[in-house]
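Taken verbatim from TrEMBL:
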DOMAIN    171-257  domain 'DUF6534'
TRANSMEM  15-39  transmembrane segment
TRANSMEM  51-76  transmembrane segment
TRANSMEM  88-112  transmembrane segment
TRANSMEM  124-144  transmembrane segment
TRANSMEM  164-185  transmembrane segment
TRANSMEM  206-228  transmembrane segment
Amino acid sequence: MSAPPLPPNIAKLTAPLIIGELLGTYLFGILTVQFYLYHLSFPRDPKYIKYLVYSVFVLDLASTVMCFADSYHWFASGYGNLAALNDIWLSAFDTPMIGAFLAAIVQCFYCYRLWTLNKYTLPICILVVMAAIAQVIAGIYGAVVGHLAVTFAAAGPKVLSATYVVNIGAAGADALIAVTMTILLTRSRTKAHAQTDFIVRRIINLTVETNLLSSTLAVLTVILLVGVPGTNYFTAPSIMLGKIYSNSLLLMLNNRKFVSDHVASTTGSDSTGRTLRMSKFRAASRNVESTNQDISFHAPSMETSTMVSKRGELV
């Protein structure tokens with residue numbers, strides 16, 4: 001029996017999968033670099049932070065490997081076979097389930113940071129944690145049901161509610177985190193300390209940008225799923241979502257290195273400026289003293305002032 005002919009809209013089914021897999025692989029490459037930088041920069045981090053980073057990296061690695069297996073099944077061994085393209089294979093696990101776990105881990109980490117900044121954020125943290133737990137449950141449910149359904153056509157109606165819970169929960173939790181973190185850090189800003197303001201601005205920017213990106217992808221997944229039925233357009237942002245969470249966690253942790261380097265360079269520049277000004281002041285004082293004492297010592301004192309000034313410039 002020959003395989004069914006390919007439909008004319010085949011690109012609407014295959015292109016989103018290919019684009020999602022390629023962008024997901026690109027994001028995993030970025031994550032690998034970030035993981036290496038973290039390993040070099042923070043060897044003395046607490047063990048729970050290291051375990052968190054390693055767990056996220058391993059989960060993302062597993063998701064990437066399964067995505068490669070899916071791509072091979074759909075576009076290599078099953079090339080030209082519409083039945084193979086309709087086969088769920090491992091995609092029920094690598095995207096909805098692992099993606100939900102990654103989202104929950106990162107969101108709970110943000111909640112911990114919120115709670116350490118201000119204990120009064122506990123109600124908001126509880127809401128975010130509840131949303132994270134709901135995402136994990138929905139992700140596991142969607143993975144099991146989708147895998148048992150075997151095909152995308154059969155699984156679609158069964159996992160629709162789970163897809164809504166995962167993506168709407170992710171968007172809502174990310175929005176809560178971004179707004180709360182921004183309010184807390186904005187209140188802590190002070191015009192008297194430029195370095196503190198720089199750190200606060202940097203954290204606010206990273207928090208808003210990363211959470212805005214992840215919530216946008218989650219909302220886009222729902223919009224494409226509902227607004228463009230009969231296509232796989234929703235799979236492209238869905239595949240990338242979990243990897244965005246992984247990268248946002250490593251980006252936030254590695255940001256400490258950038259901030260510390262900036263503060264060190266700024267402090268060093270200020271120290272150099274102060275040293276130079278003090279050396280010039282001391283040199284001028286010596287000139288005045290030598291002039292008052294004896295005119296014959298004026299030239300040597302000028303020479304000494306020049307040497308001190310040069311030393312100040314080198315500090």
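We number each residue from 1, going along the chain as drawn.
Placed from the backbone N, Cα and C atoms, the Cβ positions cover glycine too.
Outside the transmembrane segment (51-76) by six or more residues, the chain places 14, 17-18, 21, 24-25, 28, 31-32, 35, 38, 84-85, 87, 89-91, 93-95, 98-99, 101-102, 105-106, 109, 239, 242-243, 246, 249-250, 253 with a CB less than 8 A from a CB of the stretch. Here the domain 'DUF6534' (171-257) has, by DSSP, the following mix of helix, strand and coil residues: 74 helix, 0 strand, 13 coil.
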